[in-house]
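Peer 1: Before we start, here is the structure in question, set down as structure tokens.
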Amino acid sequence: MRIEKLLNAALLAGAVSAHTIMTSLVVDGTEYPPGHAVRIPSYNGPITDVTSNSVACNGPPNPTTPSSEIIMVRAGSTIQGKWRHTETDVIDPSHKGPVMAYLKKVDDAINDPGTGDGWFKIWEDGLHDDGTWAVDDLIAANGYQDIPIPPCLADGQYLLRAEIIALHGASQPGGAQLYMECAQIGVVGGSGTANPSTVAFPGAYKADDPGITVNIYWPPLEEYIIPGPDPFTC
């Protein structure tokens, strides 16, 4: 109940500002309760400083609530993260931008803060040829983000970092709004052959990256460079 009360407070606090939170995971057809193995913040505002430690798994000015759970996930499966602005909608449609997912292998998913090296991207979507964005697809899917888990992962505990970057105000440095939550998962059934290159949070993004500081309105974008590394493939 405490997690649900915090989530409701966070959603209500950000309702006017159209912010969003990844509240829960869906694994093998089971939608877990909000905050189950997900570090939910007490406020659903964005992180705008890409050099902040909070860019890893959220945090001040949005203190997160620890979770004592780990959700088991099969390598090679596709899970979902559920995003919510309020209980009934996802994010304001004006918040155009990319949607991504990262993993970090850790010894202790419950207590690892997520900061530092070890992160690798496993999925991304950005600007489409028809001018729509990944966020548009997320809204159309009622906030459910598909996240494919690579089949070649080593078994063990991981942090899963799901992220939206809203670019409606990104024409000036510090205007991009980063929304991210970390979930605690245990991977089983992987082949163990994965050897991905990794990046650090903070560190993977710079304020002047073309995918962070960008005017998405004028001139019309012909290409958008999604921040961070290319997604890892087996």
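Any Cβ shown, glycine's included, is placed from N, Cα and C.
Residues or ranges marked as Cu(2+) binding site in Swiss-Prot: HIS19, HIS95, TYR179. The O2 binding site annotation in Swiss-Prot covers HIS168, GLN177 and rests on similarity to another entry. If you look up Swiss-Prot, you'll see CYS57-CYS182 marked as disulfide bond. The signal peptide annotation in Swiss-Prot covers 1-18 and is backed by sequence analysis.
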Peer 1: Given the recorded positions HIS19, CYS57, HIS95, tell me which ones have a C-alpha lying within 10 Å of the C-alpha of GLN177 (O2 binding site).
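Peer 2: Matched recorded positions: HIS19, HIS95, sequence order.
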Peer 1: What does DSSP call HIS95 (Cu(2+) binding site) in the simple three-state scheme?
Peer 2: coil
Peer 1: Suppose we draw a 10 Å sphere around the Cβ of HIS95 (Cu(2+) binding site). How many other Cβ atoms does it contain, all chains included?
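Peer 2: By my count, 24.
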Peer 1: Around the C-beta of CYS57 (disulfide bond), how many further C-beta atoms are within 10 angstroms, looking at every protein chain?
Peer 2: 21
Peer 1: Through the lens of DSSP with three states only, how would you label HIS168 (O2 binding site)?
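Peer 2: Reduced to three states, the DSSP call for HIS168 (O2 binding site) is coil.
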Peer 1: Taking Cα atoms as reference points, which of the binding-site residues HIS19, HIS95, HIS168 is nearest to CYS182 (disulfide bond)?
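Peer 2: If we rank HIS19, HIS95, HIS168 by Cα distance to CYS182 (disulfide bond), first place goes to HIS19.
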Peer 1: Could you say whether, by DSSP, CYS57 (disulfide bond) belongs to a helix, a strand or a coil region?
Peer 2: helix
Peer 1: Across all the protein chains here, work out how many other Cβ atoms are within 10 Å of the Cβ of HIS19 (Cu(2+) binding site).
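Peer 2: Taking all protein chains shown, HIS19 (Cu(2+) binding site) has 25 Cβ neighbours within 10 Å.
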Peer 1: Rounded to the nearest angstrom, how far is the Cα of HIS168 (O2 binding site) from the Cα of CYS57 (disulfide bond)?
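Peer 2: Taking the Cα atoms only, CYS57 (disulfide bond) lies 22 Å from HIS168 (O2 binding site).
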